[in-house]
Every structure is written in C-alpha cells, then in structure tokens.
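Taken from TrEMBL, the feature active site, nucleophile applies to B:Cys18. Under the heading domain 'Glutamine amidotransferase type-2', TrEMBL lists B:18-243. Positions annotated as [4Fe-4S] cluster binding site by TrEMBL: B:Cys259, B:Cys405, B:Cys461, B:Cys464. The feature Mg(2+) binding site is assigned by TrEMBL to B:Ser306, B:Asp368, B:Asp369.
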Protein chains: 4
Amino acid sequence: MSVRLSLFPENDKFQEECAVFGVWNVADAAAITALGLHALQHRGQEASGIVSYDGHKFSSHRGLGLVGDVFHDPRVMAALPGSCAVGHNRYSTTGDTLLRNVQPLFAEFEFGGLAVAHNGNLTNAHAIRRALIRRGCLFQSTTDTEVFIHLIAISLYATVEDRLIDALKQVQGAYSLVVMSRDCVMGVRDPLGVRPLVLGRLPGATDDATGWVLSSESCGLDIVGAEFVRDVEPGEVVIIDKSGVRSVRPFAPERPRFCVFEYIYFARPDSVLDGVAVYDARKQIGVELARESAVEADVVVPVPDSGVPSAMGYSQESGIPFELGIIRNHYVGRTFIEPTDQIRNLGVRMKHSPNKPVLEGKRVILVDDSIVRGTTSRKIVDMVRAAGAAEVHLRISSPPTKHSCFYGIDTPERSKLLAAQHDLPKMAELLGVDSLAFISFDGLYRALGHEKRDATRSRYCDACFTGDYPIKLVDHDAECGVGTA
Amino acid sequence: MSVRLSLFPENDKFQEECAVFGVWNVADAAAITALGLHALQHRGQEASGIVSYDGHKFSSHRGLGLVGDVFHDPRVMAALPGSCAVGHNRYSTTGDTLLRNVQPLFAEFEFGGLAVAHNGNLTNAHAIRRALIRRGCLFQSTTDTEVFIHLIAISLYATVEDRLIDALKQVQGAYSLVVMSRDCVMGVRDPLGVRPLVLGRLPGATDDATGWVLSSESCGLDIVGAEFVRDVEPGEVVIIDKSGVRSVRPFAPERPRFCVFEYIYFARPDSVLDGVAVYDARKQIGVELARESAVEADVVVPVPDSGVPSAMGYSQESGIPFELGIIRNHYVGRTFIEPTDQIRNLGVRMKHSPNKPVLEGKRVILVDDSIVRGTTSRKIVDMVRAAGAAEVHLRISSPPTKHSCFYGIDTPERSKLLAAQHDLPKMAELLGVDSLAFISFDGLYRALGHEKRDATRSRYCDACFTGDYPIKLVDHDAECGVGTA
Amino acid sequence: MSVRLSLFPENDKFQEECAVFGVWNVADAAAITALGLHALQHRGQEASGIVSYDGHKFSSHRGLGLVGDVFHDPRVMAALPGSCAVGHNRYSTTGDTLLRNVQPLFAEFEFGGLAVAHNGNLTNAHAIRRALIRRGCLFQSTTDTEVFIHLIAISLYATVEDRLIDALKQVQGAYSLVVMSRDCVMGVRDPLGVRPLVLGRLPGATDDATGWVLSSESCGLDIVGAEFVRDVEPGEVVIIDKSGVRSVRPFAPERPRFCVFEYIYFARPDSVLDGVAVYDARKQIGVELARESAVEADVVVPVPDSGVPSAMGYSQESGIPFELGIIRNHYVGRTFIEPTDQIRNLGVRMKHSPNKPVLEGKRVILVDDSIVRGTTSRKIVDMVRAAGAAEVHLRISSPPTKHSCFYGIDTPERSKLLAAQHDLPKMAELLGVDSLAFISFDGLYRALGHEKRDATRSRYCDACFTGDYPIKLVDHDAECGVGTA
Amino acid sequence: MSVRLSLFPENDKFQEECAVFGVWNVADAAAITALGLHALQHRGQEASGIVSYDGHKFSSHRGLGLVGDVFHDPRVMAALPGSCAVGHNRYSTTGDTLLRNVQPLFAEFEFGGLAVAHNGNLTNAHAIRRALIRRGCLFQSTTDTEVFIHLIAISLYATVEDRLIDALKQVQGAYSLVVMSRDCVMGVRDPLGVRPLVLGRLPGATDDATGWVLSSESCGLDIVGAEFVRDVEPGEVVIIDKSGVRSVRPFAPERPRFCVFEYIYFARPDSVLDGVAVYDARKQIGVELARESAVEADVVVPVPDSGVPSAMGYSQESGIPFELGIIRNHYVGRTFIEPTDQIRNLGVRMKHSPNKPVLEGKRVILVDDSIVRGTTSRKIVDMVRAAGAAEVHLRISSPPTKHSCFYGIDTPERSKLLAAQHDLPKMAELLGVDSLAFISFDGLYRALGHEKRDATRSRYCDACFTGDYPIKLVDHDAECGVGTA
C-alpha cells in the first residue's frame, strides 16, 4: 500500500495534526462525517477514518490518503450504516503512518464498543503508558489516544460517561475529543481549551429529536449545512444522547488559553473560532503589521495561500496595491522527481511560481504567516528577486516562533527554528531581504480584539512565541531531567 | 489501474485539452520536461507522457494521473536518459482515457524513431483517417495526433522535416506540435496560431551549443529557469538541431487568430502569451467590466481561483472592497461520495465554501470568468445567498459563450450552453441573481490593448462567443451535411 | 487491499489452519524463516508474517497472500534484520482475513517485546476472553492467540518463561506455539500433542553456539538444510537461549493424542511426524484399503494430488495398474469467472481434468483421501463417467468424517458432513458410484504401525471420525448448554 | 503495473510461447474462451487476452498475469459480450512483457475489425517488417503477429478470407492462428503443421447453427465440454461462418512435420494431438527407455510433474518400484527472496523437495523429460544425493537437445545447451550422476507408433535434436550471412 510520502515537499510550516468530527441522530451519518472531514482536510492529509453506529453494530473504515480517496468507493460508504458516526483526519508527525495508528480508535469494552477521535497531544502520555504497561495493558498503536482507551477500560466506574471523566482526570495536555458509545456521542475540550471544537445542529434522523454535529472548526458545520450553535467550552464535556444535549464540567475552572496559531495559520479562513472570524483576524493582523512596520514599496504580494488575507489587510492599511506576484500550483501529486544537481541549482519550486510582470523592477512587500526553519522563505525570496524585484521587504503575520509546541502541533526541534537561533538583523541577512518585520505581541492581541498582551493573564496559548507553556510538560520534563531533583 | 474519474466534480468550465513541451540539448532533459509539464498541469490532468532520446535510443514513459504521480519514481526518471525530450499532458475529452491514447505518440519509421506531442484539434482528421485506412494504414489510437504520424510515414519526401511539412499541408485545424527525431526537435503552430507555443533558452548540455526549450506557455520556461526567447509564430516550423535554430514557413501568410479564451481562463496567470501578460489582461478585463456594468455594492468577491484577478481589477476600478467571500478547498482527491438525496438537498459543494462573516448582510458583486452550462454558477449563487448575502450581482469576465469549440477545447454541445438558449434577463432569473452582466466584445478587446473588436479583421479566435470559425470545420460540416449540395 | 477471496474454489477438504516456524541464532534468520514458511505453505495460504529480532529491536512484516508474494520484495527482507525470528502462515477459517489477525502477534510488555505464533485452537478461548475484557483488557484481534498475549501480560510472574507457563496453565485446547522474546525462542506443544512441532539444528550465526530451528513439520527443516533433531514432545516447553536448549514440562503427563488426519491429508508427504513418514503411512493406508475393499477393475486412479500415495499403495497391493486418469491444473490464480448458467451446466472444473484415453471404457477405482460435504467428490465422479468410465469404485483413505474438529482445523458444521447424515449405501447413491468404501479404523491404525484401534487407549486424536474429543470443548459446550445443569 | 518477473525461478526447460483459442456462435463466448485459456495455461503464463464480438462491436480485455487473474473481475467479463471470441495466452520470450504486445492483436480495417491470435514464430518476420516499414507501415508491437495484420491491411483482395490467404503466402514459419472478423472465425495451421490446433463442437447459441471451438490442444475442448471433431490439418484454413464450416488449402501439399517436443513436454498429458494421446506417448517413451537403458536400482523416481508418466512407463517395464521421491511445491507466488550467500550455499530449492525416507540408501533411477542447460538437473541430482541416495541414474525421455528452436519455442542459444557442448560421459560427470541415458531417436519414434526415424522422411519436426530445420530460417540466415554469397 503506497503512501503519499510527502504531500508538501516544500512546506516549512507548523502543522496541525488532526481534525475530529462527530454526528448524532442524522441520516447518512457517515456521509455527513466524510463531508465534514473533507472540509477539515487542512488539519490532516495523511489518513482518515470513520466509525459509524446503527443502533446494533459499529462499522469502521480507515485508510491512508485524502478523505476523498479513502471514502470515494460507494461500497465503503454503504458499509458504514447508521445515524451516529465519528471521524478523524490525521497528519502524521513521526513518519509512522501505520494503519493501526489511524483514528478513530475503536475497542470492545465490557459495556460495549467505544470509538474515540482525538485532536491534540497529552503531555503525560508516556508516564501513563508506562504505568498501564506495568499493569498488563497491551498497546497496539503509538498514539496518545490509546491512553484514553485503556484508562476507560480499566476504570472502575459503571457508565461510559463516568469512565471517560475518570480517564480525563488522569491525563494532562491539549485535547479535543469526540467519543461515541452505544448510547451517546460526547465532545470534550481540555480545561484550557487549547484546541477548538464546535457544536452544530441539523435536522434529526428521527422526527422527535434534533440531529447534532461536533466539528473541530465551524467550516465543518457549513459544508453540511449545519447551524452553528456554540463553541464547546474549555473543560466542558458535552453529552448528546436520547434525552438531548447536556453538559458536565469535571474540572476546576481555569482561564482559557486557546491556541493563537489557529488564528494565524491552522484554521480555515472561513471558520469562526471562540467568537472570532479567522479571516477577519488575519486581515486585521495585516492592518496592524502595516501600522507597525511600514515601508515604501510598489506592491504588496502574499505568499499564497496562507499569506493572502494579511497581505490584503496590509495593502488596505498602507494603500500599496495588492498583487498576485506569486502563483501557487495546486496540482502536486506525490513526491516528485529526485532532483539532480542540475535541477537543484535551478532552484526549482514545485508549488510557487513568480508572476514576473508583477514583480519586475518593483519594490515588493512580501507577506507570509510565519517563519519556521526559514528554508522555504529563503527560496521564495530568491525566486522573487530572480523575477526582477528591486527590493524585497518581508512582513510576517506572527511573532518570531522560538519554541516547540507540545500540544498537538508538529514542530521542528527548537534548534532548527530560525528565530530561536538568530536575531532580527541576522535573520534578514540569512533570508536575503532588504527588511524584515514580525507582528508584535501587542499588535497580534489588538488584531484579535484585545488591548494588548498581558503576560500575567494571557488570553491565548502563545508558547511557541513566548515559551510560556500553560500545561505542564510532564513527559518532556522527565526526559530532560527537569524537576527530578 | 484506477483512474481519477473526475478530478473536478463541480467543474463547469471549458477545458483546455493538452500541454506540449520539448527540450533540445539540455542535461536531464526528461526531468526538465517533467517539471515543465508540472507547471503546465492546468492544461491537462488525466495523463502524462515523456519520450527522451540520448543519441542512441528513444525511451518513453506514459501514465494516467498527475505529472507528479506518473513520474515520481526515480527509476522511471532514470529510464529516460538523454539531452532531448518531448512531453505531453492530456485532458481527455471523451472518457476514453486509454493508455494507448496518451501522448507523446511514438513510432519507428524508415528513417528512425519519431515522437509527436500535439495540443489542439484537426478539423479534417476523420476525413484523412478514412482515406488512410482505405490505403491500408492501421490506427492504434483514437487521437488526431496519429493522423500526423501516418501522413509522415507514407510521405515520399526523404527528410523528417520535409515529411512533416508534407503532412502539415494536408491537415486543417488548430495545433501546436512538438516533434522529436534522431536529428532535431521541432515546434509548430498552425497557420492562424490558435494554440500557444513559446521558445526558451537554457544552458546547453554540451559546451558548444545552446539548450532550447519549447513550451505551451511561458510558465513552463519559468519553472526550469529558461530564458524566454519568443513566441513561435503562427504558421512557423521551428527546427532545432546541431546547427542551431532555424525557421520554415510553409504556409501562405494569414492574419493570426490566437484563442482569446487563453487570456480569459485557460492560461496560467503568470504566463505571457503573444506579448500579453495573462494576469494583466484579466485584471484589465475586470476594470473594463466595472466601467461597463457598475452597480452599488459592499464587496467584490471572486469565484476562486480563476475569478480572482478580474475581481481585483473590478474592485480597484469601482473602489468597492475586494474580499475572499468564497474559500476554495484544494484537497479534492478522487471522485467523492455518491450523494444521497439527503446530501443532494444539502446543496453540498466540495470545492467552494462560503466565508459567512464576509457575505452576511452584504450586497455582493460576484466575479467569475465564464458561464458554460450555468449549473455551478447557480450553486455558487445559492451558496452565497444562504450565507446571508443581501444582493448578488454576477459579473462575467467573458462575453456569453454561445458556440462550441472545435479547436482543441472540451466544450459541451451548443444546446447545453446557457447563453445559447436564453437571453440575459432569463439567464439572470435562472441563475437567481439580482443582476447579471458579461464583458462586451469591445471591452474585452480594449482590455487586451486593442481599440475594439473589428468583425472583419478580428485579431483573435472568438468563435465560442461569435460563431465566427476561422478554420473550416471539415469533419463537422460533413457530418451535418453542410456544403454537400 | 485485495485479497485472494478463495484460492481453492472447488476445495471440499478439512483445512489445516496454520504453520509456525522459529529460528534462534542463525544468519539471515528472516530469510530462513520465509523459506520455512514457503515449505509449510500447504498449512495456510491466506496470509503470512515474520517478526525478527537483532539483539536491539524487533522488526515485523505481515501481509495477505502467499509467502512468496508477501516477502518477495528485497527491501522487506532487508528490514527484518537479526539472527532470531518467528513466522506464521495463516489459513483463515472465518473470512475475517484482516491484517490485524495475521500472526505472529507482537506486543510490548513490561519486560520487552514478545512475538507469538500459534497453530491450533483453544477450546476455552471465549471464556477467558470474556474474563479478560471484564478486567479491562482490550482485544485487537479475533484470534485465540491474543488470549495468550494478555494472559502473559497480566501474569504476576517475573520471567517470560514463567509468565508463559502461567498462561499455558489457564488455557485448554490444541496448540503448537513458537514464542520469541529478547532472551529466547520457545516452542510449545499442548499436553496431548495434537498439532505437530519439530526441532532442528543449523550452523550457528555465532561460532560458539548452535543455531536452532522450530517448524510445524520436518519439511520446513529440509528446505533450509537443517538437521532433524526430534519432535517437540506433547506438553513440552522447549526453551532456546544463550545457554542452549532446555526443556520444561509444566503439565501432568497424559497419553499423547496426535492428530491422525495429519497423516491422512494435512502434512506434506515428505514430512516425518512423531516418527512416522507421512508418505509411507499414506501408501500403507492404500495397501490396507486394497486388502479390505478389493474390487475387480482395470485402473487405479488417484484424485490428485492428495490421493496419489494411497492410490499407489492400492495399485501395488491389488496389482491393478496405477494411472493418472485425472490431471490437476495448478495455475489457479484468483477467484475465477462468475459462472453463468450455461457454464454451470457444463460442469466446469477449474482444477481437475479427465484424461480421457485412460478412462474411456475402463472400470475405474478412484482413490481419494476423504469425503467432507461430498460436493467435489460428486463432480469428480461425474467427470470420470462423462469421460467414458464403465464403472467407478470410490475408495477413501480415511474413515467417514462424521464430526467437526475444534482443535485448529477448518471444518463445516456437522450437519454438512455427508457421512454424518447418511449411511454407506445412501452415500454411494448420492455420489453416483458403483461401490464406495472407507478405510476401517483398525486398517488405519495398522497402516500407522499399530495392531488396531483400542477405543480405551487410542493413540491418536480421531475425533472427526469417532466423536471422541480428548480435550474438553469448554466454549462449545457452554454455547450448547452442555453441562450447565 | 507489476509483473510476475519470474514465475518459475528454477525452470530450465524449453518453453512453449503461446496458446490460441476461438469460439463461434456459442453463448457466453468470452467466458468459454477464458476457461479454454485456463486449460491452456501451461502454454503461456505471462499475459492473456480476449476479443469478443456481439454482431455489432468488438470488445477486448488484455492483462499481465494468469488467466484467472486477468479475467476474475465479473465486470471485465460483462464487458466482453457476444457469441464469438478469440483468446490468447502469452509466454514472453524476451522480457518485453509490454501490454501492447499482449494478444489477440486487433485493428480496424477498411472492411471492419479483425482480431488475430498467433502461436508460433515467423522465420521471415524481420525481412517482411523492414519492407512494410519502408512502405510507410507503422508497427506498434514487437510481435510477429503484427506482420500478419499489416499484410492483411495492405492486401488488394476484397474479402477478409482472400486477404488472409494473401498474407499467409508471404510469410514463412510455424503458426497456428485464430482470426475473427465480423463475418467469421478462422483457424489456420502452417503448411507443415508444426504447432497444434484442434476443432471442436458445442451447442450453438442460436438454434439453427452449431457452435464451434478452436483450441491449441484438445484439453481446451474438454474443459468446456466441447466434442472433439478433428485436428485442423497442416496447411488448412478452416473458415467458420453462418453457412457452417468450410476448408481452404492455399498451399501445395507437404509432408507434415508436427513438433515432437509437444509429445515430450509442451502439451498437457490429457491432450490428444494429431491422433496420439500425449499421456500414452510419454508412458511409452518410458517403456522404450527402460528397454534401451536398463540399470539395476531400487526405485524409479520422477522429476515432477513432467517426468511422471515416463517414470511410470519405466517402472512398469523394468519392474522397479515407482516412488514419489521428490515432492513439488506448487505454491510459488512471485519471485522470491533475493538469496544471500548463506542461502545460496544451502542449495535451497523452492519448487522441489526430497522425500528422504524414499531416497535414503537407495539406488535411484531419476526420470526427467529433457536437459537444457543442465543447471536444474544438477541441483536436483545434488538434492537426491544429499537425501541419502546410494546411486543416481538419470534417464531422459528425449534425445539430447543440441539446437535452438526458431518455430515458437523459447530456447537458450546453442552455446548454452549442455548437450551441444559436451558428450555423454562429460555430461554425466557435470551432472554428477552414476549413469546417464537419453531415449534414442528410434526409441522415440517407436514410442509414437512408428518403426523408427527415417532421416529422409521424418514425420516430425525434431530440429532441436537433429538440426534438421524443415522451414527456412530466413531472418536467422540473413543475420548470420548464410546464403548471401
């Protein structure tokens, strides 16, 4: 079975790892879930899975590849009957794209089957896993999600709901979960609400009850025509069953710390998360960036597609024309030709092409969302210069990314982050730009509707910029010997 | 071997059928060709092929799928040695995506091997095919291109060049050809130059000679870093061999009639064709459209991706803000789930999602490049209204498409073209818009740098709008009984 | 992932479910294992797997299909390094040919990794499984083998050896196991020794120690040139580690009951099992059959391939010439054409063809190893008659099979066994033969070197003929309500 | 598309290249053809194809692999409608297993479609091909069969029948053809009848007409229940159309020279060819061999499967017991593990295993059908010795093969044929046997019912033994400069 080894050969971005989706009491639940996962495809392209339940049995299908590939066979869909379903998209962080790691995970318990889909990362997964193995638990996957499954299996509580809560109390980390048992579909956000999860409504499959939808982002509701009801709240367990929707809050209340990078890059621009429209947020960051880091130039050019809204905001605020100076080729297929030296020297870019007539002789403001290693940025700057740009000014719609993420995002080690190694002038030099600017912390918070960043009461998780990790890194600290003294 | 049955399930566009590419005296010719074909992927996504020549033998590989899929195996590339190559992308018009139809076609002749790649359509292919079969020629494919091959095979002339010209004189139609023999690579455009072909330059594989590149569009030169030299001229045969580049013009000169739809939709925005930058042309059409069909509104929203430049031009001229009110999902994979009635009723769109916060309560000017059957347009309008738009004004950056194309473009029958069946008010009603306007002929020509359209001396082939077919439709007329009296 | 749905579309035989193989301290252990599994291919054709250990890490590969298909890729073999390995062939009994069921099963325990390959069937697997699930154990496969794994995981003993023995004491059934941990390879036969397992010797990978091989049958030793050492004894645990080979016998001694059907049909004719050469046994059964059930005839014709040795014995004893009157087609490929009514009426046989010149006008003694449902036998008899045979006398080298097997053999329900439903004359009538005879119990035991069958002290498990089940059918009895009063 | 690179890794045999099959006026013609090809699978395992005709259109499917794999999909069979069909199995001789070489070849002519399936080899194919290319014909495959197609295409005769005869008169070589046009199915054998072809009868699809079957061997008739009518005669063209079966003999009569190796090895034992039952012939060769080359021994052991009937004849004549001393493993799958040195040294054999108890301490007469390079024979002799044989006497049921075949059989170059390089004592030494004997020419002819071989009037083509080539080797002689003086 061949795998898309590298769908994005030139991608130098933080990568959202997963999307979750769930449906209760909706006709064609699996098809609805497939559509939702398709809308959430940007949150994971390596593998996809759906488990459905028809009141009698659970059915599942999982595969490697895009949602449209995994579920394109009508026989596959026909084999997923029922009005309840959960689904999952996966972006593999470690290369171990094994089918057994593809979610939703499913297991038969004493109380019946249970399917669990998880977006996020547990910071004490290794510690718990070790304890469970010592107890005689056998792990089949290398995913954090299986930790939940075992904790539920060995819980001494009677109901699924109580067992899940029992499990939640033992884990730390960032997680949005969608869980389906014979009796209910449940949605959970971790106490800080780091990862998103929204609740929507559809006509019910049975007349007397509403249909419900859980989705990582609101764009997953839109594609199936579901009405947005509300965000699942940080620390909330939403339980949907025959008696309707109810809510349990098993944790002590904490100040929410939603992931600010969801606004900057991860989420789809047409989503609204925790009350903020992503597209508006990105445009507004561009506006703030223009105010903070003005420079004389002829054109504002986005690095497509993620840099487009901020570039529009920058252009609008600065009055400098917005132009598509870089064209993105979306037909990427699988890993491409092994480059020979000749081709490497040509500086070939599979995804981005310069629109020469727009760039030639111009002073160009290039707008991108972030700089991770800097490798792609350097290639793009070179490409723009080769196309004849007179000056290149790089504007970044996030602060410098200086720290790794441990909450469900695929990030390089700190030592590979350009901003963790170099100061601004050195970065500008390495990237080959005439000027370089990042949005300030206060600018970023202003764009999101706050006065400024208050270090003591930060509204968001911005650990990748600040190193201020709101959830304890249990496994990581243990490995590094932190706190063992 | 499974095939992407329908990469664009919702696509209601005219479709360019093919791209051609050729390389003479360049190191890693096959890899260069694969890159060129990748940049030309928008001109054909169903199949791809390369034939290379290393001075001793011809090697070939052809497959169904995207360029990146067909050529991703390093062993495939290693089996295509040499410094000369021709390549081809195919968009199948008739569903007969057989491997034997995938170009370049190759045959062994008395004088050695010959590879032919063809973009376009012959209007007398059936008539010639019948005559050749009567003579004892055996056809292996259903492509027009094979007609060239047989005409060359039975020509009584001695050299490849003379045999090719002998063949060209017998065919009518629109064609850009790239041909490779043991001795030369040749590029040809039909006498009217309906389809594009450009010539570029690269460092030669051998020190004493330049390397040359032929490509359907200039973006195929850019990706490999080739210097643009010039367009191949209408009716010109460019012959590249050891003695350099020379030119033969076997036809009586005629007024060129380049396909105007290349500017409107087919070509990539970063290409420059016959001296006009495609991106500029599209923006300028938007400007003209805003002048001709102004309307009070809150936002200008493009139908992505093709409507973006015209929408930018419209916004710039009208002063109404440009906003990304529709988000395009590029992760499409293969044909998707068979929709159930439930899902059909949801009006699900796999490729386009509404950006609700941008559309809600707004008077929206929607800019698209063309209306073919109108099916997709209607769905998009409905989607925009469902997202809360107060008004929808549709602006189209081409004149009404009322006629089929017989020059290499996949078009529905005339009876299925919305504009061939209905007048403007009826179309507006059927599409459900508050107002509808197309660019005028004169507006279109102005945007391309002309004063206006002169019906007696038209600079472009615009038969799909006007029915003024510049090349005789021999086969079509014979079928319809035209001119047989 | 496509599966050979039915490799033997016309097969109406009892089917051995599995083969096991293990290697300790031999160079290229995985390749040796693949060869051994290839020699044992007759014991399972649906799936195959190998786990190897190189002193540092465990590596595994499993796949559906023949050994030669699953392991033909050199990269697959290269990814199985080490001088220890265990392997498994699987014949799926229930159609659930899921990859997760393909053995060897592997799990990470507190004490490190453990790979388990199992041939046989546990008669109390369901009971134990239910208890384990109640305890919080999560089952990933539907195989009995996983029961071993969980019992080992939760055992309170410290060493792998003690934990394995702890597990063995809790299960009942027929099993030959090969188990590999970081420290040792172990071979186990159940207390009655129902399924076979032999021990062999090869040059060691390291100079100071011997290499050891465990194999379901001795033919698995022959193919790799291993010297036969001895059968693993019933109830014996053979432990191979750095200090050599040692033996543990954790069970009270019982009279062995080796499966007599291994001699009749399952084992390969070149194997020697429990001291008896299979080929000799089969020939001798033919001899006994000729003595017991003589009939005047012109030719003795085997149903190939399994009937050949008995037919040779029959011919030799009776003096009637042995002839290949039926030809077997070994090129079967995958499931074949859906037969239309026309083809069904033709009585088409994919595997067997009549050799007309041998059969025409002859009185034929047909020798086969067993009759299960009788469907294939009837077709073969009809075929022989249609080829012109004057008489057909069917001789069977086993007693009538009247009972299902619960010890690792795929058998139909009792109600489908011809001999369970009908007496001899009725069977002869249903099969359309002129006479029908089975070997007698005493004849069978004589052929195997015993005086006769002693019902109170039977040397073999012959439950499928006698209904005398030597191991308690815990799950089966529970389902049927046996013994619950 | 993956290919069985080498289905028979240890095979050192002459290989029949092809099988042909044709059906006229029979319901489910394509399914009948698939079954016939399955029965003829021994004549070609690399690829298979069927073209059917339903009175309106031709349909075709071709693929690489076994018949059961190529045609196992019911949709494939459903897409081959009609009551007429031709089919072909292919064994590739040169490794160019390209799909375009897979037969039946099909082309559209002026007079309609024509499908051609060919078993054999033309000895002047290159000469004709060159002339045709000079005339402007384009070749798509590298098969001889395409020469027929082009000669038919350019023939000036009006009817298909006359055009085919026109083509036949221009070619030399060995060929059995099955040809299907809109009007008829035709079967042809070359003037000497080197390759076999038989005619059979089935119930017609329409009431008023018989159904007819053409097959390379009679076993292809047996599997579909067709009645054997007669061999197509050497030099005969059998034409089956609406008016029934008629015969044309376009060539001057010659003494037939049927390939004697068909009796020795190629044909299936249950076939009857040119009036001789293959199985009887093989047994009788064994009898003659026993008379000619008696030796004291304990057992006669065949090299399975092809050596079995001769070994039976040898045993019967000599009175020495026939025993299965070598077991063949039919589960071969694809190319197997790359052998390491360790494994090479083990002398591993994938297909043959020694049956030790039969061989140990015995004087063994080993019977095989032929020796080509001698590589496999040597391995088998070594294996038998390693199993403990006291003596090994090798008896071969064909004369020494000293010459290549140019009539459709895959043979090594002469320099690689053991018997072409060495005399009998040296061969015995190289093979490591105690004695070696081949059947004599007269013995071979006696076994086939003749008095002896008359060199001036030989009844068979035995060129591979004698070098007496009955059909001129036009291409071969031209390459070697023979006859150019």
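Residue numbers in this text run from 1 along the chain shown.
Cβ atoms here come from the backbone N, Cα and C positions, even for glycine.
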Do any residues at least six apart in sequence from B:Cys259 ([4Fe-4S] cluster binding site), in the same chain, have a Cβ closer than 8 Å to its Cβ, and if so which, in order?
B:Ala174, B:Val194, B:Arg195, B:Pro196, B:Phe266, B:Tyr407, B:Ile409, B:Tyr460, B:Cys461
Can you tell me the three-state DSSP label for B:Ser306 (Mg(2+) binding site)?
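Reduced to three states, the DSSP call for B:Ser306 (Mg(2+) binding site) is coil.
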Could you tell me which three-state DSSP class B:Cys259 ([4Fe-4S] cluster binding site) falls into?
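The three-state answer is strand.
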Going by Cα-Cα distance, pick out whichever of the recorded positions B:Cys18, B:Ser306, B:Asp369 is nearest to B:Cys405 ([4Fe-4S] cluster binding site).
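Nearest candidate: B:Cys18.
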For B:Asp368 (Mg(2+) binding site), list the number of other Cβ atoms lying within 10 Å of its Cβ atom.
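Taking all protein chains shown, B:Asp368 (Mg(2+) binding site) has 24 Cβ neighbours within 10 Å.
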Per DSSP, to which secondary structure element type does B:Asp369 (Mg(2+) binding site) belong, with helix, strand and coil as the options?
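Its secondary structure by DSSP: coil.
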Tell me the Cα distance separating B:Cys464 ([4Fe-4S] cluster binding site) from B:Asp369 (Mg(2+) binding site), rounded to the nearest angstrom.
14
Name, in the order they occur in the sequence, the residues of the same chain whose CB lies under 8 A from the CB of B:Cys464 ([4Fe-4S] cluster binding site) and which sit 6 or more residues away.
B:Phe14, B:Phe261, B:Thr401, B:Lys402, B:His403, B:Ser404, B:Cys405, B:Ile409, B:Thr411
Quick one: what's DSSP say for B:Cys405 ([4Fe-4S] cluster binding site), helix, strand or coil?
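For B:Cys405 ([4Fe-4S] cluster binding site) - judged by DSSP and reduced to three states - the answer is coil.
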So, three-state DSSP: helix, strand or coil for the residue listed as 'active site, nucleophile'?
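Reduced to three states, the DSSP call for the residue listed as 'active site, nucleophile' is strand.
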Going by DSSP, is B:Cys461 ([4Fe-4S] cluster binding site) part of a helix, a strand, or coil?
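Assignment for B:Cys461 ([4Fe-4S] cluster binding site) reads strand.
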For the residue listed as 'active site, nucleophile', just count the other CB atoms lying within 10 A of its CB, please.
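Excluding its own Cβ, the residue listed as 'active site, nucleophile' sees 28 Cβ atoms within 10 Å.
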With every protein chain in view, what's the tally of Cβ atoms within 10 Å of the Cβ of B:Ser306 (Mg(2+) binding site), excluding that atom itself?
21
Which are the residues of the chain, B:Ser306, B:Asp368, B:Asp369 excluded, whose CB is within 8 A of where the CB atoms of the Mg(2+) site average out, their centroid?
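So the extra residues in range turn out to be B:Lys13, B:Ile264, B:Tyr265, B:Pro302, B:Val303, B:Gly307, B:Ser310, B:Val367, B:Ser370, B:Ile396, B:Ser397.
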Mean pLDDT across the domain 'Glutamine amidotransferase type-2' (B:18-243), rounded to an integer, is what?
91
From the Cα of B:Cys18 (active site, nucleophile) across to the Cα of B:Asp368 (Mg(2+) binding site), what is the distance in angstrom?
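Rounded to a whole number, the Cα-Cα distance is 23 Å.
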Measuring Cα to Cα, how far is B:Cys18 (active site, nucleophile) from B:Ser306 (Mg(2+) binding site) in Å?
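Between the alpha carbons of B:Cys18 (active site, nucleophile) and B:Ser306 (Mg(2+) binding site) there are 18 Å.
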Using the centroid of the Cβ atoms of B:Cys259, B:Cys405, B:Cys461, B:Cys464 as reference, list every other same-chain residue with Cβ within 8 Å of it (recorded [4Fe-4S] cluster site), in sequence order.
B:Val194, B:Val260, B:Phe261, B:Tyr407, B:Ile409, B:Asp462, B:Ala463
Neighbour count first, Cβ atoms within 10 Å, every protein chain included; then name which of B:Cys405, B:Cys461 tops the list of binding-site residues.
B:Cys461
What's the number of neighbouring CB atoms sitting within 10 A of the CB on B:Asp369 (Mg(2+) binding site)?
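Taking every protein chain into account, the count is 25.
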